[in-house]
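As recorded in TrEMBL, the features of this protein are as follows:
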REGION    1-258  region 'Disordered'
COMPBIAS  16-25  compositional bias 'Polar residues'
COMPBIAS  44-67  compositional bias 'Low complexity'
COMPBIAS  87-106  compositional bias 'Polar residues'
COMPBIAS  131-142  compositional bias 'Low complexity'
COMPBIAS  177-206  compositional bias 'Polar residues'
COMPBIAS  207-228  compositional bias 'Low complexity'
REGION    274-351  region 'Disordered'
COMPBIAS  281-293  compositional bias 'Low complexity'
COMPBIAS  324-351  compositional bias 'Low complexity'
REGION    364-431  region 'Disordered'
COMPBIAS  389-399  compositional bias 'Low complexity'
DOMAIN    526-562  domain 'Zinc finger Sec23/Sec24-type'
DOMAIN    599-833  domain 'Sec23/Sec24 trunk'
DOMAIN    841-925  domain 'Sec23/Sec24 beta-sandwich'
DOMAIN    936-1039  domain 'Sec23/Sec24 helical'
DOMAIN    1074-1136  domain 'Gelsolin-like'
Amino acid sequence: MSAYNQNFVPPAAGTANGNQGSSLVNGLPGAVPHHQQQPPPSAVAPASAQQYLQQKAQQQQQQFQQPPAQPYPGISSNSSLPPPPLQFNSNIANKFLPPSSTSANNGGPPPSTLPQHLRPPTANGPTSLTNGSNGAPSANSSRTASPGLIGAPQLGGLPPMPHNPQFAHGAPLPTAVPQQSQSVASLTSNMHQMNLHRTNGPSANSQPQQQQLPPQQQQKQQQQQLPLANPMAGPVMGSKPPNLNPSTSRVIGGPPTVGGVQPAPVLAAGQRIMYGGAPGSNEQQSQNQQNNNLQRAAPPPGAGTAWPPSLPKAAVPGIPPPMQTQQPQAQSAPFAQQQPQNTAQSAPFAPPQQYQYGQAYQQPLHQPPLPQQQQQHQPPPPTGMFGAQPSSTPLQYQSQPPPPSMQSQGQHPYAQPQPTSGPPQLGAPVPLNVAQQGFSRLWGQDTIDLMQNRHILSPATLPAPKVVLHNQFHESINCSPSIMRCTVTKIPETNSLLQKSRLPLGIVIHPFRDVNNLPVIQCINIVRCRLCRTYINPFVYFVDSKMWKCNLCYRVNELPEDFQFDPATKTYGDVTRRPEVRSSTIEFIAPSEYMLRPPQPAMYLFLFDVSIIAQQSGYLEAACSVLNRHLDEMPGDARTQVGFICYDSFVHFYSMAEGLNQPHEMTLLDIDDPFLPRPDSLLVNLKECKELVRDLLKLLPKRFAHTHDPGSALGAALQVAFKLMQSSGGRITVFQACLPNKGPGALEPREDPNNRSAKDVAHLNPATDFYKRFALECSGYQIACDLFLMNQQYSDMATISGISKHSGGCVHHFPLYQKTKQHMVDSFRMCFKRYLTRKIGFEAVMRIRCTRGLQVHTFHGNFFVRSTDLLSLPNVNPDAGYGMQISYEESLTDVKTICFQAALLYTNSEGERRIRVHTVCLPVTSSLPEVMHSADTEAIIGLLSKMAVDRSIASNLSDARDAFINATIDVFNAFKIAQNLPSGQSGQLIAPRSLALMPLYILGLLKHPAFRVGTSTRLDDRVYAMDCMKTLPLDQLMKFVYPELYKIDGLIYHARNSNASTTEEDDEEDPLPELPRLQLSAEHLDSRSIFLMDCGQLIMLYVGLNVPPDVLEAVLGISSTAELGDYVYGLPHIVSAEYDILQRFLLRLNYDKPYSALVQIIRDTSTAKGQFIERLTDDRSESSLSYYEFLQHIRAQVK
């Protein structure tokens, strides 16, 4: 906004003609009533109405006479120093300012006939401000009215705005307007239908009418405009600003109406007509929102300016207030000839932009080619997002006008400016304002530049993206994301659309998760679709009270009569009140038709490695101790049976037959052809033989304490265990401490310790298929094998873990286990306790059903695929997760939503057959941007990690790593194409908010022990990490891939403040403060603070070297960090508020974990610091890139 320049000298008395000497009418007392408005019959207003308006203008000007104001305190009006830049966002619309309107009538009435002493000041001289003695009108105007709005009522404009008495300052409204003053009444009416646009010069659509000036005067006029180039270089006045809301009148860039007739607008080449908004661009709207105390400046040359009728005009000494002028229609032809020149003057301003939904991502309009002489003066295009100003641009540059040199350059009004080395110019397309960004975020359509926003983690754990079904009931009962999540929350309509997005389509599922308040239903008939066997769910369609339509195959089925019975109220009523249609996760008690045989009892068989290496590790003592303590907590009923087998170079059985006072040991020497020494009493009833079992658990650690057998006949022990369990099925738990080297399945060492950091990792595949064939045989008899590997040396987990991968079992690994390492003993005890006491499902099968048009083509996890879509799970546990890839059979153009349903049929530990059903509903879209914005990053990472494990085994590790990087590049390329982003933008990596964390997590996978190269990694550790990638539920997997880092100073501060303000009567605990989650970088570390890193099953407390002693005393019970050893595990018990709040925070972190994580305390100078530093994946290491360098690599590959 420019303002009045006090160096200007008001011109002499008005000229003889009425055009140069007339002024714009302003200071009207209020809006003319709508019923009194008449279209102007002519361009000349009667004298009576003109006298009335001039009297009112003079009265109000005398009433609000004010002394001249200085532009800024301490700066004289003649000072040439620029004002301070604007420090607020000019794109924020202020809706709390009074309404106003302006007009741009460029005509004018004849000179006033009032006596000289009754005329307003402007009636005695010309209105146009002159700059110098030549009388040329000034172009430095900050109040540019919208031309051609006199005819707005005829074009369907809005009615005049109501009178606002708050800003009328007591000015009376005229009770009647004579018929002969119709033009003035029309002028007053139309002034209320326009919006005041403050710009520095004419807007892109405004076409001010002015007389043709000689070239010498034009050049001199342009030179005199330079001091007012700054929008704030003007005096400050105390009048209230106009309304900042955009006008809803129809705007046409053309000459004013004459005689009530709207002439056709005369447009320059390439100029557009805009309806429904103000003619100014976003720059005009942004300048409308400047400081409320800025004074309005003079109008542009030849353009009319009207002061809002509800706001009095503050008088400025030495400058006459302008009045409205009206040019005769005879000047329409000269104006049409001058349009190219006027258009060139408005070139620095951006074209009008109406940011509607998704319009920010559209391609720019085609621009006609510019003349060579104009193109050479254009600055290069901006380098910001979507061709707009970069987000890093200071706010003071976002509202600045173009430099004065650009005002004189002839440019096309809609030409795209070119980038410059300095700040972005006003002519550049503006970024989305705050309100539009808020709507984009609300709709899930916002984007982010990853190169400029490195720290993008949210303050807390990232929530799963919300599924929008446009049905509040369906959204509220949809399947929990902790149980089932899809990689996209909006399914692409066709396979080609999916391929364009480059996103993987699949689901990750945690089917046997511990669920609170799980509805369990027992009914005679379980309602299912007769065609596809889908279980009835909340997303089916009820044709009537007796018919329902399947939401997967769309078949119409009949409802049984008993379905109308509501078990909750014990009454017959509405079928929609049944629990089956009000919960997406439900469990049925299956009738006998779902049983091939009577439900099996809980059968547990334990195999212990008792070789010399196993005895030296001391695991057997801890295992027997935990088993003896939690024997009564094992799931089962009165039929539960248990058995024990030990093996070294031979196989040892233990008979606990009835009548024996102690267990009887039998040793099998022929391990090449193993057999059962006796058919019974090897598996005994736990309830009946509990004392014998306890005695055996106490004797086993002592029985083999002095043996020195180096052999391990694991294969033979598994074979006899299968023979023992095949009649009933059950669970085999194997404890292995060394490489099997005796009997069937004997293995040889394959790892080269000197080649652990090589890029090509070998021996990820099993050395023999013996263990895989054994697992498949067990799966056919409903037997699952679980493995606890307690090795101190290479044990070939890639081979022996096959007993669990193909039988639905689980794998636990405790490398370098020693009974002298108390933290490893504690960790094993907690893990084994959870293993013994968690619920279990026997002889289970799971099937995934999809809506017609989709199918499951690949499964990931530990199971055996019995048929195309049926998974055999001899055992299912609540800590196991699975993944499925989805493919298309046909397009989904005729459906609005699709559903996935997972049905798990199992026998619980009480011998009851049950069916747990999960159903998730997702919308279908045909929009590629919506698909990209609906991506679920965590689900994508979960599925990609499972796919990469299979790729590593089938091909090699390098291919899997390349696949991670290529998947990231492909997704960002697809998003760039979907949003029509221009290519070749250096320094930017634009990503949707939904995929902003994908590069961060991909980097975490590349640096994870499962996939990293260049770092020494034991082969067994790598294979175990890969197994966790395939079997961990998604919430645990994300902490396994990218740990959570917190600075706990906020907890200590909160504890001390709450302790000081809490009285003895307050019994309720204060809620824990929300700690910001930090990215894994050493730049966040501080030697004066304590940091907590949650890695899943391990929590590290990193203690800085300069932590205050009082904090150390309150949290750790020490006075100095020197008292901490190199390897400290567990928190000491301290009686303090700080310790209590830390324990509460740890409890919250461990709430969703299978068991509490082990706490390790690491001081800044400890030798264990490397364990903490290697998990800072954002930082660079010797063999890997930092996060920022990885972003640069991705950006360089995105074309």
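Note: Cβ is positioned from N, Cα and C throughout, glycine not excepted.
When each of the listed stretches 526-562, 599-833, 936-1039, 1074-1136 is scored by C-beta pairs under 8 angstroms to the domain 'Sec23/Sec24 beta-sandwich' (841-925), 599-833 comes out highest.
DSSP places the residues of the domain 'Gelsolin-like' (1074-1136) in helix, strand and coil in these numbers: 13 helix, 15 strand, 35 coil. Per-class residue totals from DSSP over the domain 'Sec23/Sec24 beta-sandwich' (841-925), listed helix then strand then coil: 0 helix, 57 strand, 28 coil.
Assigned with DSSP, the residues of the domain 'Zinc finger Sec23/Sec24-type' (526-562) fall into helix, strand and coil as follows: 2 helix, 12 strand, 23 coil.
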